[in-house]
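**Student:** One structure, pasted below without further comment.
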Amino acid sequence: MGNQKLKWTAEEEEALLAGVGKHGPGKWKNILRDPEFAEQLSSRSNIDLKDKWRNLSVAPGIQGSKDKIRTPKIKAAAFHLASAAAAAILTPPHSAHSSPVAVLPRSGSSDLSIDDSFNIVVDPKNAPRYDGMIFEALSALTDANGSDVSAIFNFIEQRHEVPPNFRRILSSRLRRLAAQGKLEKTQNFYKMNDNSLVTRPTLVARPKESNTKARQQANSQGPSISQQMVAEASITAAYKLVEVENKLDVSKGASEEIYRLIKLAEDADDMLVIAREMHEECSQGKIMYLN
């Protein structure tokens, strides 16, 4: 049995990483029995290897100050192996005769995200576009009390091509933006506030012309930047900012999903080891008692 209190050395960590790279995560007994790593890991058990691998394979940013103690090279190698193992688990085998199966969306790591309001599947690539449409509609609908879902939906539908279930998506996105503080909600009405990404363009007062000739020349040239161009630039900036926020959420969710899948694989391997031991005992005619 291993000694939990004995501090891991750099040689032991490198041997563990090399063993995982050779045999795969969860094959702790195989790693301990391998002559290539048996000498370095002679004072460790399969439980020690499992716990150490779990600590090494945690994605950066999830764990606390303990990450500062580890060697960055070893930690990066462990995370690379963990990512490769999770990718192998997530990749289903392809078959020529396989029938199409609907894949359930996973939070973070999947290409689709689920909005919490009505469990509506929203493509992260379309989320910034939908939010930009909402800001555009609210900036045009200048109702003091705000606009309801129907008014916003009618405005967007007349100007953009939207999917059949866009009304439900719109209601969900409005609730989400209100919860994030980007919109102000009063009963069933929504309106823009100081935190909104898109604001109506303000007119800048021009200084008086020194003479009539200069005024006529300025009027003939016209404004260099129209209000429409300013509004389009604001909407484009809103698209980009919301897209960055969504990508950050997806990256964070992917790290958490990788850690969860690694833990599931380890637990499944432990159950398999227990089942094999029970089978060996029973095949020899021994009686096992389960507590």
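Positions of Cβ are set from backbone N, Cα and C atoms, glycine also.
In TrEMBL, annotation is done automatically, which means it is predicted and not curated.
The domain 'HTH myb-type' annotation in TrEMBL covers 1-62. Feature annotation from TrEMBL assigns domain 'Myb-like' to 1-57. Marked as domain 'H15' by TrEMBL: 126-194. The annotation region 'Disordered' is assigned in TrEMBL to 207-227. Feature annotation from TrEMBL assigns compositional bias 'Polar residues' to 213-227.
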**Student:** Average the pLDDT scores across the domain 'HTH myb-type' (1-62) and report the rounded value.
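**Tutor:** For the domain 'HTH myb-type' (1-62), the model's average pLDDT rounds to 82.
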**Student:** Per DSSP, what is the helix/strand/coil residue tally across the domain 'HTH myb-type' (1-62)?
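**Tutor:** Summed over the domain 'HTH myb-type' (1-62), the classes give 35 helix, 0 strand, 27 coil.
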